[in-house]
Amino acid sequence: MKKVTINTLMKLKEEGRKFASSTAYDASFAQLFEQQEMPVLLVGDSLGMVLQGKPDTLPVTVEDVAYHTRCVRAGSPNSLLMADMPFMSYATPEQACLEAAKLMQAGANMVKLEGGSWLAETVRMLTERAVPVCAHLGLTPQSVNIFGGFKVQGREQEQADQMVKDALELQAAGAQIILLECIPAELAERITKALSVPVIGIGTGNVTDGQILVMHDMFGISANYMPKFSKNFLAETGDMRSAVTKYIEDVESGAFPGPDHTIA
Ligand code: KIV
């Protein structure tokens, strides 16, 4: 696979071509993903749930993410590799810079942070210091205790309008990718059209520029539960390489996520 950069994704967005991405946590799967030409990988703090068996992502540390980032980078030298900044590792802009440096030095190309316009100053500070940022909006799992569960966000008009404003503000602050999780497809489409940077969705319908799945959901092997918007591509294809290829093809053609895997 040719080296993937933010410019690759910008070009795809300009050309109206969709792209797939997946979480990854180790070198072997990272290599398999790279061999099947998955352009973007994320070392998600979902590792707390799918690797560590915890009920949420809050116990994950920067050291955990840095360790798995080193593993994934070893298996996939050419993907655009994002790494999650864990809960409370970016409580202040200064702290965010120091912790993000550890993830960049572990091999990440970009860090991902959860939150709205309150993060703008942090995004600006990171970007000015050469740390590219993906901002995660919608169902931000680190806020599970504020939300009272893993619930769809953005259903109310006021909340939806605020999310559009947040996305624009984060883009203006320097965010190079916006990731949307579990929001109605109509809102995801509104945000995708309003932004010039690529938008990646999970549980948002096929309206965003890119899609992401937690790899354990793609293979139907999650320890906890399978979200309704995910799809077990392994069950459909019978082997892991074909499952990954089918996922990529279905995202690129717009076949996934279809109506059965979309939040109305
Ligand atoms: O941690 C993670 O895996 C994520 C995805 C749900 C996008 O943030």
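Heads up, the Cβ atoms here are built off N, Cα and C, so glycines get one too.
TrEMBL entries are annotated by machine, without manual review.
Features as listed in TrEMBL:
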type	residues	note
BINDING	Asp45, Asp84, Glu114	Mg(2+) binding site
BINDING	Asp45, Ser46, Asp84, Lys112	3-methyl-2-oxobutanoate binding site
ACT_SITE	Glu181	active site, proton acceptor
Check your understanding: Hey, for the Mg(2+) site built from Asp45, Asp84, Glu114, who else sits with CB inside 8 A of the CB center?
Key -> Gly44, Ser46, Thr57, Val60, Met85, Pro86, Phe87, Lys112, Leu113, His136, Pro141, Gln142
Revision key, fill the gap. Around the Cβ of Ser46 (3-methyl-2-oxobutanoate binding site), other Cβ atoms within 10 Å, all chains included, total 23
Study note, to complete from the structure: Comparing local Cβ density (other Cβ atoms within 10 Å) for the binding-site residues Asp45, Asp84, Glu114 points to Asp84
Revision key, fill the gap. Distance filter, Cβ under 6 Å of ligand 1; input binding-site residues Ser46, Asp84, Glu114; output Ser46, Asp84
Practice item. Find the longest CA to CA distance in the recorded 3-methyl-2-oxobutanoate-binding set Asp45, Ser46, Asp84, Lys112; express it in Å as a whole number. Key: 12
Exercise for review: Specify the count of other C-beta atoms within 10 Å of the C-beta of Lys112 (3-methyl-2-oxobutanoate binding site).
Suggested key: 23
Check your understanding: Between Glu114 (Mg(2+) binding site) and Ser46 (3-methyl-2-oxobutanoate binding site), what is the CA-CA distance rounded to a whole number of Å?
Key -> 13
